[in-house]
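Participant: So TrEMBL lists these for the protein:
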- B:E326: active site, proton acceptor (ACT_SITE)
- B:H327: active site, proton acceptor (ACT_SITE)
- B:Y129, B:Q190, B:N213: NAD(+) binding site (BINDING)
- B:S236, B:Q258, B:H261, B:H327, B:D360, B:E414, B:H419: substrate binding site (BINDING)
- B:Q258, B:H261, B:D360, B:H419: Zn(2+) binding site (BINDING)
There are 2 protein chains.
Amino acid sequence: MIRLNASDPAFAHAFDELVGARREADADVSRDVRTIISAVRDDGDAAVQAFTSKFDGHDLDETGWRIERAELTAALDGLDSELRKALELARDRIAAFHEKQKPTDSETTDDVGIRLGSRWRPVASAGVYVPGGRAAYPSSVLMNALPAKVAGVPRLVMVTPTPKGEVNPLVLAAAELAGVDEVWRIGGAQAVAALAYGTKRIEPVDVVTGPGNAWVAEAKRQLYGVVGIDMVAGPSEIVVVADAKNDPEWIAADLLSQSEHDPTSQSILFADDAAFADAVADAVDRQIGTLSTKDVARTSWDANGAIILVPELAAACPLVDRLAPEHLELAVDDPDQLFTLVHHAGSVFLGRHTPEAVGDYVAGPNHVLPTGRRARFASGLSVLDYMKRTSFLSLDRAGLAEIGPAAVALATAEGLPAHAKSVALRLESK
Amino acid sequence: MIRLNASDPAFAHAFDELVGARREADADVSRDVRTIISAVRDDGDAAVQAFTSKFDGHDLDETGWRIERAELTAALDGLDSELRKALELARDRIAAFHEKQKPTDSETTDDVGIRLGSRWRPVASAGVYVPGGRAAYPSSVLMNALPAKVAGVPRLVMVTPTPKGEVNPLVLAAAELAGVDEVWRIGGAQAVAALAYGTKRIEPVDVVTGPGNAWVAEAKRQLYGVVGIDMVAGPSEIVVVADAKNDPEWIAADLLSQSEHDPTSQSILFADDAAFADAVADAVDRQIGTLSTKDVARTSWDANGAIILVPELAAACPLVDRLAPEHLELAVDDPDQLFTLVHHAGSVFLGRHTPEAVGDYVAGPNHVLPTGRRARFASGLSVLDYMKRTSFLSLDRAGLAEIGPAAVALATAEGLPAHAKSVALRLESK
């Protein structure tokens, strides 16, 4: 953990370094991924089976390629009732929030009688990647699958690796609750390639979303254009802006809720009170020891944590914009006032009773958010990621007479005579 | 040009081949682009200067790095008045259409008193790539720059290569009309890298859009994530669905307006009348000879053109969906009826007096559209490409008491104790 003070002469340089630090692995997986993708493209199921055998340690012909509906319902039925209620609450709230994102079609007829508009439609099929093993999160299933369902995607596919054949019942239960149509026991770059190109067994999809390791992320990047993807995700982060009226224990837990995700995660506190900052630092150190995730949390906090003292919290806002964090907590009495000063953040948690974790699970907004300063230009996952817009226009003879001559002039100036002719022929006709 | 008949037994296979044909160059430019990007990242302006010297044949220190405002206004002032009026009409109509795309912020308080919402903001800066030389189109400047201006992007940068130092006055005039803030005389992968990473002279931008050759497209793909990009564009295409009541000359010109773009462009006609299809084919052959773009148009039409006979035009719609074309003309009496049967297309041109070319220039909708079957999942360029959404939520003590326990249960089930603790501490407090 580093401590910075915005009043120090050396602060600007130290903050530049914090902003510029690359926490993403530089491992050059791109060649491996290219090989896997091209094998799946050429050899289809056989390649998928071979890579699954190699990386996940099971033979798909023995374990089965698909996880059938009966297994999903059994997983849901077998769920502890408190967990089931929690998942159902999450599903209902996430679905309700995303319903509001549904775009509306538009159509207008302008003053020269030209009809113009936009029409939105869901993609025909979407694939959701769900990691296996340690990072198999039912919440991720809901956050990826529900926006697709709300969008109206008719065919929703899930792929998830089952290392040594083992499935995660929570993930299956979440898939059933979210209304996933097909589940395949495959993962890694080979699963993304199978979804993008299709194989004999697996029909291709139009969009692939969902978190994954470096291989999965690189496969999505390489296949972007063959299919739509959600985004290139990196290590996640939280920025907490907190005054001294907060309970240091609460703020420490909020910081650690990010640190415990991954050694590359980042947690940053902006405070305007040195004693409060010290108290939070102490609380973090104390709480880490109590966590089953202490090794990860300790590594992340030590390597990437930061506490930054600012003369007043408003002064933190331009610094927050430089970081463009995935998650931003504004733990103050009047968080809306600070929120107007921040331009770049994936999701903002307003006030003292809105810990980031509540948004990870049940509040409603999506927890798939832009990381690594990408909130400068990217947005969280939404219904729009599973839809596309078709523009349309309709001119009659009079409308074309109004604007056609300008099109002819521009086409001619651009050296495109057939463009000009296609308009001119209609203008010349009686 | 190939001719297919949907009633032939061999049609399904032949159509599969048409849909699957790859018209995109397979040239492996990725290594070259990687080298260029890493040189620009490491050496900044010096690398940009060296590549410009090598690829564009001029020394930036001699020609100047920027094209100054005075040159832009001079280009606009020097424009022929008919062309200027045409560009102004295009600007006004494009801006008006894109105004309607501006998203609205949303905020609701739900039944347990939890405040949830989404806030849209423009990116802080955007870069528009404009090709130099033969394909330097003022219409592209307007189509890329205006959505950014409408979005409210405060800093709008244009890069354009000036081979041997030569600028295209039409492009400069369009930049001035569109309100571009900075113009740099650079192009290729080096320009995209300079925009993404920034150099000493050039501040980085958050989003890069605009058409370019294979190097530019690959640079955008590789830098996706460092900056936002519009899309990976490929060779463009048009599908025309036309009955026998159309003038074959009009439809031939429409097909050629795509063929003349590039040898890899594709034009496809669906017709329900064999004699009409023959007449269009004859008209295409006749018209090609009259075009200054005849070599390109001939190559494209011969290699990629297709005329497909269907028993009735409604039967063309599922085939159109398979192609998911960039442009679709429905040249029939009741185009809206066919339009409801089509799900995947970038932009649709309804009726006999709506040639695609009118949309390229002045109608209003964007002409930057998904190509190569990407309309299955992608949309045309819009104001949203220059904005991002921040979700936000605010809970009070009562709201957290409602949904917090479910978050604790799920966090615990996922093995994330600090997540659980950050909620539980608040629930336990008095």
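In case you wondered, yes, glycine gets a Cβ from its N, Cα and C as well.
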Participant: If you measure every Cα to Cα distance among B:S236, B:Q258, B:H261, B:H327, B:D360, B:E414, B:H419, the residues said to bind substrate, what is the biggest one in Å?
Facilitator: 55
Participant: Please classify the secondary structure at B:Q190 (NAD(+) binding site) using three-state DSSP.
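Facilitator: For B:Q190 (NAD(+) binding site) - judged by DSSP and reduced to three states - the answer is helix.
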Participant: Any idea what DSSP makes of B:H327 (active site, proton acceptor), helix, strand or coil?
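Facilitator: DSSP call for B:H327 (active site, proton acceptor): strand.
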Participant: Going through the recorded positions B:Q190, B:N213, B:E326, B:H327, B:H419 in order, which have a C-beta under 8 angstroms from some C-beta of chain A?
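Facilitator: So the ones by chain A are B:H419.
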Participant: Which ones, of the binding-site residues B:Y129, B:H261, B:D360, B:E414, B:H419, have a Cα no more than 10 Å from the Cα of B:E326 (active site, proton acceptor)?
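Facilitator: Those close enough: none at all.
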Participant: Minimum Cβ neighbour count within 10 Å among the binding-site residues B:Q190, B:N213, B:S236, B:Q258: which residue?
Facilitator: B:N213
Participant: Counting all other Cβ atoms within 10 Å across every protein chain shown, which of the recorded positions B:H261, B:H327, B:H419 scores highest?
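Facilitator: When each Cβ's neighbours within 10 Å are tallied, B:H419 tops the list.
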Participant: Given B:N213 (NAD(+) binding site) and B:H419 (substrate binding site), what distance in Å do their CA atoms have, once rounded to a whole number?
Facilitator: 48
Participant: Give me the CA-CA distance between B:H327 (active site, proton acceptor) and B:S236 (substrate binding site), in Å, as a whole number.
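Facilitator: That separation, Cα to Cα, works out to 8 Å.
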Participant: Whole-number Å distance between the CA of B:H261 (substrate binding site) and the CA of B:Q190 (NAD(+) binding site)?
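Facilitator: Just about 25 Å between their Cα atoms.
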Participant: Using all protein chains in view, find how many other C-beta atoms are within 10 Å of the C-beta of B:E414 (substrate binding site).
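Facilitator: The answer is 20.
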Participant: Quick check for the class: what is the C-alpha distance, in angstrom and rounded, between B:Q190 (NAD(+) binding site) and B:D360 (substrate binding site)?
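Facilitator: Between the alpha carbons of B:Q190 (NAD(+) binding site) and B:D360 (substrate binding site) there are 28 Å.
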Participant: Ten-angstrom check, please: count other Cβ atoms within 10 Å of the Cβ of B:Y129 (NAD(+) binding site), all chains counted.
Facilitator: 28
Participant: Could you say whether, by DSSP, B:N213 (NAD(+) binding site) belongs to a helix, a strand or a coil region?
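Facilitator: B:N213 (NAD(+) binding site) sits in coil per DSSP, no helix or strand.
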Participant: Whole-number Å only: compute the distance from the Cα of B:E414 (substrate binding site) to the Cα of B:Y129 (NAD(+) binding site).
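Facilitator: Rounded to a whole number, the Cα-Cα distance is 45 Å.
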Participant: Between B:Y129 (NAD(+) binding site) and B:D360 (substrate binding site), find the distance joining the two CA atoms and give it rounded to the nearest Å.
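Facilitator: Rounded to a whole number, the Cα-Cα distance is 18 Å.
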Participant: Among the recorded positions B:E326, B:D360, point out the residue whose Cβ has the most other Cβ atoms within 10 Å, with all shown protein chains included in the count.
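Facilitator: Result of the Cβ crowding comparison: B:E326.
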